[in-house]
């Protein structure tokens, strides 16, 4: 009796091969068929982690459905292994004059708990020729916009940075940093301070000063949602997504929020300011946008309504032109002293006059300094503070 045909497969010609080789050939063929079947039924790499329902919902819908599916993917996709990160979002003109200060700060992390994104002028690239810190090599975003101070282009730059940083699911907090900003504490203290809170840190208060809110924004942005504050915020991932997905508030800012057409150092003018300039609304977009947007979405209960970045705005007695006009005090090398740093670190509460509100500063439920960062510092001032180990110190002490 002849053996079953399946055991004769591949023998050919009467000079048969060992049965073991035939079995191996059969198993290889079956394996190939099985792999092909599995490949045809599994999601692509681009859609990995997406539920079948979400894939079906993506077809045949409009832009709103696409946004909803994208949001669902972010919520459903499991985090890859690794530590939650702080995404540092630097807004710079060109180079980063304080890159060596930040280099010392980032060296304090040994666990991969940060990422860096830099928005500079279009075409600027961070290389060995343009930065002295390897942490910043090629960290510029590739679709930057030309930013003009006091214009809506500043908030467009913020949105570009957030969009890039949100691509990394490990980024859980988003820290806006200026090119004149220094870290007051070491990395570990800064990380623990920010991550111990489930809220965003957003300087936000009701703006009652006449001339800033433009009634043309109503009814899309009612006056009761109008807020003001520092642009140097720390956002949770949820709030960062709200900013990037906004299609309602941003257009109103682009049309109706513009700074008053005064010269930069108008306080020093020795001639009258044109009357038309005083009649114009004086709205600085980046000092209102995030605050107003989050109020619009009813998210103020999810905020710690203060900034963690210190700026000095007491300009009344200053005779230095660089310290007057629209901008906060710039600290020079002569200002960079232990007394200055101590005075900033000692601040433990902030008072908001328009709301008669005092914000006591805490971290992890305990009293804490209000500020983790400070600006504006020249390069020389920042390096002096670093040499004195007054900032970004990575020793045993966090304070």
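Including glycine, each Cβ sits where the backbone N, Cα and C put it.
Annotated features in Swiss-Prot:
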type: CARBOHYD; residues: 142; note: N-linked glycosylation site
type: CARBOHYD; residues: 188; note: N-linked glycosylation site
type: TOPO_DOM; residues: 1-17; note: topological domain 'Cytoplasmic'
type: TOPO_DOM; residues: 39-399; note: topological domain 'Lumenal'
type: TRANSMEM; residues: 18-38; note: transmembrane segment
Lowest local Cβ density among 142, 188, which the record lists as glycosylation sites, within 10 Å: 142
Between residue 188 (N-linked glycosylation site) and residue 142 (N-linked glycosylation site), the C-alpha gap once rounded to whole angstrom: 30
